[in-house]
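J.: One structure coming up, written as structure tokens, with questions to follow.
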Amino acid sequence: MIKKIGVLTSGGDAPGMNAAIRGVVRAALTEGLEVMGIYDGYLGLYEDRMVQLDRYSVSDMINRGGTFLGSARFPEFRDENIRAVAIENLKKRGIDALVVIGGDGSYMGAKRLTEMGFPCIGLPGTIDNDIKGTDYTIGYFTALGTVVEAIDRLRDTSSSHQRISIVEVMGRYCGDLTLAAAIAGGCEFIVVPEVEFNREDLVAEIKAGIAKGKKHAIVAITEHMCDVDELAHFIEKETGRETRATVLGHIQRGGSPVPYDRILASRMGAYAIDLLLEGHGGRCVGIQNEQLVHHDIIDAIENMKRPFKSDWMECAKKLY
């Protein structure tokens, strides 16, 4: 029977992580469980840096961006000996289960702990919206608003100077954030990992727009697709139009979470406690068609596929 749980945030921070921690803590305390917060993700778990959390520990946290527990990259956690130390630290503290809030790398850590016999629940916390088994991740909608606001501002200056603007959006190898922001921001061109990209084809489309009288344009592109400064130089050379690239970078991860992210994080945090009390370990939480769901974390990582919103892409093309 579970009496004490641990909670940590791992990987890149996302708006709503604090709300998720709050959801976990308050739901657990309501059920009579103790909660230990683990500082700086798996690194803090390995180094045994933990603190007892109560209701006041998470007061005024629901509206705060980032994660008050901190986060860190810790690739050494792939080492089974490192994980064995982490599990020993958990057991030494009397912790019976662990809630992990983070992206796919964080899920991989939870999967490996699960395979070693320690029950974990994964909550999807990443702006990339690239986690399998869920329609949306904690932080995605806040980041979407941030990106759209940036696109709106870029459009103001691009139209003033009849310029082509390239905006690089986070997402790692998932184009969800780019695609949604491009549609909401009225971008003329969208470049995402899920669709084959050829810069000559992009230039041809831009030239076609210019021939129709288009004075400016915005190209939204997912990070890691190419060097955006080189792409800007190529477009300017081929079209004769001034072209500038803007990398939004880590500003996309910051800021107070929007209401939907706060609600999603709170629901998922409380649901994680429900699952643990029902005897479920080794699960990851998602939301599908606005219903909370859970999947086997090993199966989710190894076998599940995340569909690309191809219908959204087709819609976007009609709006160019």
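Cβ from N, Cα, C; glycine included.
Here's the feature list from Swiss-Prot:
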type	residues	note
ACT_SITE	ASP128	active site, proton acceptor
BINDING	GLY12, ARG73, PHE74, GLY103, ASP104, GLY105, SER106	ATP binding site
BINDING	22-26, 55-60, ARG155, 186-188, LYS212, 214-216	ADP binding site
BINDING	ASP104	Mg(2+) binding site
BINDING	THR126, ILE127, ASP128, ARG163, MET170, GLY171, ARG172, GLU223, ARG244, HIS250, ILE251, GLN252, ARG253	substrate binding site
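Can you walk me through where each of these features ends up in the structure?
T.: Secondary structure at ASP128 (active site, proton acceptor), as computed by DSSP, is coil. Listed in sequence order, GLY12, GLY103, THR137, TYR140, MET170, GLY171, ARG172, CYS174, ASP176, LEU177 are the same-chain residues six or more apart from ASP128 (active site, proton acceptor) with CB atoms under 8 A from its CB.
Sequence-distant contacts (6 or more apart, same chain, Cβ under 8 Å) of GLY105 (ATP binding site) comprise SER10, GLY11, ARG73. Under DSSP, GLY105 (ATP binding site) is assigned to a helix (H, G or I) in the three-state scheme.
Other Cβ atoms within 10 Å of the Cβ of LYS212 (ADP binding site), summed over all protein chains shown, number 7.
Taking Cβ-Cβ distances under 8 Å and a sequence separation of 6 or more, the neighbours of ASP104 (ATP binding site) in its chain are THR126, ASP130, ILE131, ILE301.
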J.: Please report how many Å separate the Cα atom of SER59 (ADP binding site) from that of ARG253 (substrate binding site), as a whole number.
T.: 22
J.: Out of VAL25, SER106, HIS216, the binding-site residues in the record, which is closest to ARG253 (substrate binding site) when you go by Cα distance?
T.: SER106
J.: Output the one of ARG22, ARG73, ARG244, ARG253 that, of all these binding-site residues, has the highest number of other Cβ atoms within 10 Å of its Cβ.
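T.: Answer by Cβ density within 10 Å: ARG22.
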J.: Cα distance, ILE251 (substrate binding site) to LYS212 (ADP binding site), nearest Å?
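T.: Cα to Cα, LYS212 (ADP binding site) and ILE251 (substrate binding site) are separated by 35 Å.
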J.: Report the nearest neighbour of ILE251 (substrate binding site) in space among the binding-site residues ARG22, VAL25, GLY186, HIS216, comparing Cα positions.
T.: GLY186
J.: According to DSSP, folded down to helix, strand and coil, what is ARG244 (substrate binding site)?
T.: strand
